[in-house]
Amino acid sequence: MTDRLVLVINCGSSSLKFALLGEADRTPVLSGLAERLGTAEGVLNWKAGDIREQVLIADGTHRSAMAELLPLITRFAQQPLAAVGHRIVHGGEHFTGASVIDDEVIQAIKDSSTLAPLHNPAQLTGINEAMRVFEDIPHIAIFDTAFHQSMPPHAYRYALPEYLYTEHSVRRYGFHGTSHRYVSRQASLLMGMEPGHGAWLTAHLGNGCSTCAVLDGRSLDTSMGLTPLEGLVMGTRSGDVDPNLHSHLARNLGWDLERIDNMLNRESGLLGLSGLSNDMRTLVAARADGHAGASLAIDVFCYRLARSLAGLAVALPRLDGLIFTGGIGENSPLVRELTVRHLALFGLAIDPAANATPPGNPARQIQAEHSPAILVIPTDEERQIAEECLALLDFTATQSAEQEA
Ligand code: ADP
C-alpha cells in the first residue's frame, strides 16, 4: 500500500498549526506553527526530521502563512497530498463525523459560529486560504464536537426551558472529541481488546481540560458543555461555578458581561487559584517549595477532576480503565496520584514506580495490583485527524465503486 499523506491544519485567530503525516509513519514528515498572525511580527517555525527553520511572515496574514506551506510541502512530500484535514472546534448538531468540505459544510460551520465565536471564524479563514493554495485535493473537516454527538439527551440537555434548545441550540456539546476518541481506541489496543471496544473514563488535561465516558468507541457523557468553560478546573478557565455567579457579580460589583466572561475564561482556573501561573509544571515546582497558592490550586484541580470522573462513571456499565492524557495527564505523576487517591471507592489505586514518568513517556499501565486499569496514553490529535480523513476517503471510494457496479 502506498503511504498516503495528509496535511492537518489547526487554525486559530492568531496562529496556524500544521502537520504533514504519512499513513504509516509514527512522527510527522513535517510540522510547524505560525504565530502572532494579525501583527507585524508573524513568524512560522517548522521542522522536518533534524531540520528546523524560522520564516518571518512579513504581512502577518493567514494567507501569507498558508502560502509558505506550499513550497515546504512540495519539498518534503514524496507524492501528492491525499487530503487536507481541518480541525474545527464547533460543528453544532450538524456533524457526527468527518465531512468533505463543500458549500453546505462551510455554511454549517458558519451557522455554528454563534456557538464558538472565537474559533469557528478563524477556522473558516484557514479553510478558505488552504483551499486556494491546495486546489483539487479533498479538504475534510474534523469537529471537536462530533465525537460527543452520541451522547443521549439525558446527558446533553440542560434543565432549561425547551425553546432554548429547540430555537437557540442551547445544549451540552462537549469538546476535545478527537483526543478522547484517540486515547480510548489506543487503550483498547494496549489492553489487548478488540480495537475501539471497552468502557473507559478519559481525562484530557492540557491547557483546556475535559473528561469523557466512552463505551465501545462512543461518547456517552463529557464534562464540557455548550462552551469549553463547563466542567473541570483548567489553566485559566474556572470550570463549573454557581450559575448565579454572573448575577452576583453584576449586582454587587457592577461588572458587565465582558468583564465576567474575561475573568472566568482568562483569569481563573490554576492561575486564579494559585495567583502564580496557569502552567502545571510551574505549580508543581512551586508546591515543592511550599507555595500555598500553588498547593491549593493543584489540590482543587485534582479533587474536581476526581469528582467529575466519579460522576461520569454512572454513564458506564462497568469500568475497563481510567485514562490520563494531555500535557498534564501524560507528564504529571503528582496530578495522577492526587486524583486517583480520591477514587478509592472505585478500587482504583496507583503503582508509584509505574506512575513515575519514564523516558520517552510511552503508553502504559500504572495501576497497583488488584486495581482496575489506569493508563497513561500520549494523545495524538493530528494522527487521529489524518486517520479519520483517510477512513472517509476509503468509505467514499467504496461507496462510489458500489454505485458503479
Ligand atoms: P494544549 O492544551 O495547549 O495542547 P498541552 O496538552 O501541551 O496543552 O498541556 C499543557 C500543560 O501541560 C501545561 O499546564 C504544562 O505545564 C503541563 N505539563 C507539561 N509537562 C509537564 C510536566 N512534566 N509536569 C506537569 N505538567 C506538565
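Backbone N, Cα and C define each Cβ position, glycine as well.
TrEMBL does not curate its annotations; it predicts them automatically.
Listed in TrEMBL:
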- Asp144: active site, proton donor/acceptor (ACT_SITE)
- Asn10, Glu381: Mg(2+) binding site (BINDING)
- Lys17, His204, Leu205, Gly206, Asn207, Gly208, Asp279, Met280, Arg281, Gly327, Ile328, Gly329, Glu330, Asn331: ATP binding site (BINDING)
- Arg87: substrate binding site (BINDING)
- His176: site 'Transition state stabilizer' (SITE)
- Arg237: site 'Transition state stabilizer' (SITE)
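Here the features listed in TrEMBL are placed on the structure.
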{"residue": "Lys17", "record": "ATP binding site", "DSSP (3 states)": "strand"}
{"residue": "Arg87", "record": "substrate binding site", "DSSP (3 states)": "strand"}
{"residue": "Asp144", "record": "active site, proton donor/acceptor", "DSSP (3 states)": "coil"}
{"residue": "Leu205", "record": "ATP binding site", "DSSP (3 states)": "strand"}
{"residue": "Arg237", "record": "site 'Transition state stabilizer'", "DSSP (3 states)": "coil"}
{"residue": "Asp279", "record": "ATP binding site", "DSSP (3 states)": "coil"}
{"residue": "Ile328", "record": "ATP binding site", "DSSP (3 states)": "helix"}
Of Lys17, Asn207, Arg237, Arg281, Ile328, recorded positions neighbouring ligand 1, Cβ under 6 A: Asn207, Arg281, Ile328
Closest of Lys17, Asp144, Arg237, Asp279, Ile328 to Asn10 (Mg(2+) binding site), Cα positions, recorded positions only: Lys17
Cβ neighbour count within 10 Å of His176 (site 'Transition state stabilizer'): 31
Three-state secondary structure, which DSSP defines for Asn10 (Mg(2+) binding site): strand
Site with most surrounding Cβ atoms, counting all protein chains shown within 10 Å, from the recorded positions Arg237, Arg281: Arg237
Binding-site residues compared (Lys17, Arg87) - highest count of Cβ atoms within 10 Å: Arg87
Cα-Cα distance, maximum over Lys17, His204, Leu205, Gly206, Asn207, Gly208, Asp279, Met280, Arg281, Gly327, Ile328, Gly329, Glu330, Asn331, record's ATP binders, Å: 23
From recorded positions Lys17, His176, Arg281, the one whose Cα lies nearest Glu381 (Mg(2+) binding site): His176
Subset of recorded positions (Arg87, Asp144, Arg237) lying within 10 A of Leu205 (ATP binding site), CA to CA, in sequence order: none
Binding-site residues: Asn10, Asn207 - member with fewest neighbouring CB atoms within 10 Å: Asn207
Three-class DSSP secondary structure - Glu381 (Mg(2+) binding site): helix
Residue among recorded positions Asp144, Asp279, Glu330, Glu381 with least C-beta crowding, 10 angstrom cut-off: Asp279
Recorded positions near Arg87 (substrate binding site) (Cα-Cα within 10 Å), from Asp144, Asn207, Arg237, Asp279, Glu330: Asp144
